[in-house]
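Visitor: This is the structure, below, for whatever I ask next.
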Amino acid sequence: MAKQRLILLYGGRSAEREVSVLSAESVMRAVNYDRFSVKTYFITKDGDFIQTQEFEAKPAADEKLMTNATVDMSQKIKPSDIYEDGAVVFPVLHGPMGEDGSIQGFLEVLKMPYVGCNILSSGLAMDKITTKRVLESAGIAQVPYVALVDGEDLEQKIQEIEEKLTYPVFTKPSNMGSSVGISKSENQAELRASLDLAFKYDSRVLVEQGVTAREIEVGLLGNVDVKSTLPGEVVKDVAFYDYEAKYIDNKITMDIPAKIPEEVVSLMRQNAEAAFRALGGLGLSRCDFFYAEDGQVFLNELNTMPGFTQWSMYPLLWENMGLSYPDLIEKLVGLAEEAFAKREAHLL
């Protein structure tokens with residue numbers, strides 16, 4: 001039987017491009033090469049599409065995907081040239097211009113099946129403020145917050161923050177992930193610096209109440225019939241789970257499954273599945289919770305293209321459920337084809 005083509009898109013224009021490369025390299029090594037052949041395209045910081053490597057068999061352990069430092073610009077293509085009949089695209093892209101609906105819309109115009117959420121759910125989940133408002137309507141508990149938009153009266157918003165919240169608070173760009181641009185503030189001076197940082201990444205910013213809590217994550221897989229994993233816990237050796245702690249310094253470990261009461265496990269899985277449905281999720285997501293010292297459970301965010309490295313929480317959660325990394329990839333390809341068929345059938 002002829003192999004099916006799996007196309008990996010990686011890199012991208014967002015600040016999370018390095019995570020994307022790590023995730024794509026993990027996928028490239030884990031693919032079942034009896035079933036798939038792999039073709040890769042690097043998207044540069046400027047948005048150029050570069051044809052990079054092809055694999056018919058599992059690459060060597062030291063094989064690296066080409067990046068800005070190693071790509072051959074003579075291999076630059078028109079973005080639409082990635083089209084191949086029968087291929088499925090795995091957009092292993094994180095952050096803006098990757099998991100915000102942009103690339104998903106492009107792939108739908110090309111009439112190509114792709115792994116993950118569609119335009120609407122990607123866009124909704126990428127924006128933290130919009131996500132909170134959707135989840136509020138679904139009755140899912142979240143930490144108190146204040147939303148800011150560039151151009152609003154900053155002094156008035158700082159006053160609102162200090163009236164509604166108590167220090168410490170966390171300031172986040174609304175449209176970023178992987179803890180990029182997020183910082184903790186213990187006083188107004190630090191808050192002002194945090195707002196300056198967050199507004200460098202987005203014109204919409206979220207300030208959330210800091211809570212003393214454990215960070216618990218649940219994996220989601222499916223389209224209409226979504227399944228969830230047992231929760232896993234992020235165990236940190238740092239005060240704040242930032243980008244460097246996650247991907248560079250290796251200062252975190254995972255406890256899978258998390259050691260939490262059964263009733264909390266049930267609530268988290270129920271809320272994760274409800275959030276996925278409320279946002280119109282497809283394929284995969286990772287739902288992140290705060291489990292506070294007083295027993296309260298808050299949904300923090302739903303990540304529609306979670307980190308996919310071999311040490312990332314999402315594939316490890318499914319491995320704990322008995323679904324291996326290669327089988328997880330194969331399942332995601334099947335879900336992509338199912339979603340594509342339904343999407344095309346709706347175009348009457």
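Using the three backbone atoms N, Cα and C, a Cβ is placed for every residue, glycine included.
Copied straight from Swiss-Prot:
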- 132-334: domain 'ATP-grasp' (DOMAIN)
- 162-217: ATP binding site (BINDING)
- D288, E301: Mg(2+) 1 binding site (BINDING)
- E301, N303: Mg(2+) 2 binding site (BINDING)
Visitor: Find the shortest Cα-Cα separation between D288 (Mg(2+) 1 binding site) and the binding-site residues V169, S183, E190, V211, and name the residue that gives it.
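Guide: In terms of Cα distance, D288 (Mg(2+) 1 binding site) lies closest to V211.
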Visitor: Counting other Cβ atoms within 10 Å of each residue's Cβ, which of the binding-site residues S183, N303 comes out lowest?
Guide: S183
Visitor: Count the Cβ atoms, other than its own, that fall within 10 Å of the Cβ of E301 (Mg(2+) 1 binding site), considering every protein chain shown.
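Guide: For E301 (Mg(2+) 1 binding site), the 10 Å Cβ neighbour count is 20.
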Visitor: Look at the binding-site residues V169, L197, V211 and tell me which residue has the greatest number of other C-beta atoms within 10 angstroms of its C-beta.
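Guide: Its Cβ has the most other Cβ atoms within 10 Å: V169.
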Visitor: Let me know the most crowded of the binding-site residues, choosing from E162, E190, D288 and counting other Cβ atoms within 10 Å.
Guide: D288
Visitor: Would you mind pulling the DSSP three-state label for N303 (Mg(2+) 2 binding site)?
Guide: strand
Visitor: About how far apart, in whole Å, are the alpha carbons (Cα) of E162 (ATP binding site) and N303 (Mg(2+) 2 binding site)?
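Guide: Taking the Cα atoms only, E162 (ATP binding site) lies 29 Å from N303 (Mg(2+) 2 binding site).
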Visitor: If you skip the near sequence neighbours and keep only those at least six away, which residues in the chain come within under 8 angstroms of R204 (ATP binding site), Cβ to Cβ?
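Guide: Set apart from R204 (ATP binding site) by at least 6 residues yet with Cβ under 8 Å, we have D127, I129, A147, L148, V149, D150, P173, S174, N175.
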